[in-house]
Amino acid sequence: MSYLSKVRQANPLVHNITNIVVANFTANGLLALGASPFMADAIEEVADVAAMSGAVVLNIGTLNEAAIASMIEAGKAANRHHVPLVLDPVGAGATAYRTDVTAKLLSELQLTALRGNVAEVANVAGESWASKGVDAGAGEGDVVALAIKAAQKLNCVVIITGKEDIITDGKRTYIASNGHAILTRVTGTGCLLSAVVGAFLAVSGGEVLEAAAEALSFYGVAAELAAEAAEAQGPGSFQIGFLNQLSLVTPEQYSSRSRLKLLEA
Ligand code: ATP
Ligand code: TZP
Ligand code: MG
Ligand code: MG
């Protein structure tokens, strides 16, 4: 059975500590997919929520000290209870504060997966790459090698997104090439993707790399179908059409459109 079908069957609870820009879009996207979102960031409850969840997704998009303390508390509970833990290091490298906070999270927590754009992942891994706010800037380098290095350093699956997405555990690497450029015109499509990865990891049964790769490929297929729909005249209608496709794409449609490639070792 595909991981997509497993998500829809299991309806996993996904605990999100996320930013104020994308919280609603993320919750709606998870619901459309067939997962069950729980947005909870009060320090008093995050450990309980993490322990009862199928995955915990941390996102540093709009940071403050209270959120950081809650992320550490939730992440530690996830680690204790063997709940998959995903980090989206939004804007890491853009400011020293974000870079430092990400380093602190990584020193206290064991991630299952890290998902970011190339600049974010490079900065998390101690490499340099230009960033422009929360977006990746122009840079040069071997992005696949960077992802593999980051995965080995952090001992987790690393996902670098862009026109093509790289998913690696440091030993095996997938390239997912579905998707559509209009995703870049809607805020939160990266943040929602990180939460969708969480939903797929919740049903991965330990096959983290494979589940993450399918999440990336599925997300790209849903975007293509939404962009092709007649009503998708611009980013506004695309955003709604994309939510629709997250719920409508069938496992068969997914299989026939997916362009997911395992790189030769
Ligand atoms: P950024 O802030 O740099 O845009 P992000 O966190 O929004 O980063 P993205 O890299 O934009 O994350 O990835 C979000 C989704 O958009 C992924 O599914 C990715 O494959 C897709 N995507 C990004 N850029 C393109 C593109 N040029 N063409 C097709 N799909 C893209
Ligand atoms: N500013 C702070 S967080 C955020 C913005 C615009 C959302 C970023 O979302 P994404 O998914 O990285 O585009
Ligand atoms: Mg984007
Ligand atoms: Mg992002």
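Indices start at 1 and increase along the chain as displayed.
Glycine too: its Cβ is placed from the backbone N, Cα and C atoms.
TrEMBL annotations:
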BINDING   M39, G188  substrate binding site
BINDING   R115, T161  ATP binding site
Across all protein chains shown, the one of the binding-site residues M39, R115, T161, G188 with the most other Cβ atoms within 10 Å of its Cβ is R115
Of M39, R115, T161, G188, binding-site residues neighbouring ligand 2, Cβ under 6 A: G188
How many Å separate the Cα atoms of T161 (ATP binding site) and M39 (substrate binding site)? 24
Give the helix, strand or coil assignment DSSP yields for G188 (substrate binding site). coil
Ligand 1 is in the model; which of the binding-site residues M39, R115, T161, G188 have a C-beta less than 6 angstroms from one of its atoms? T161
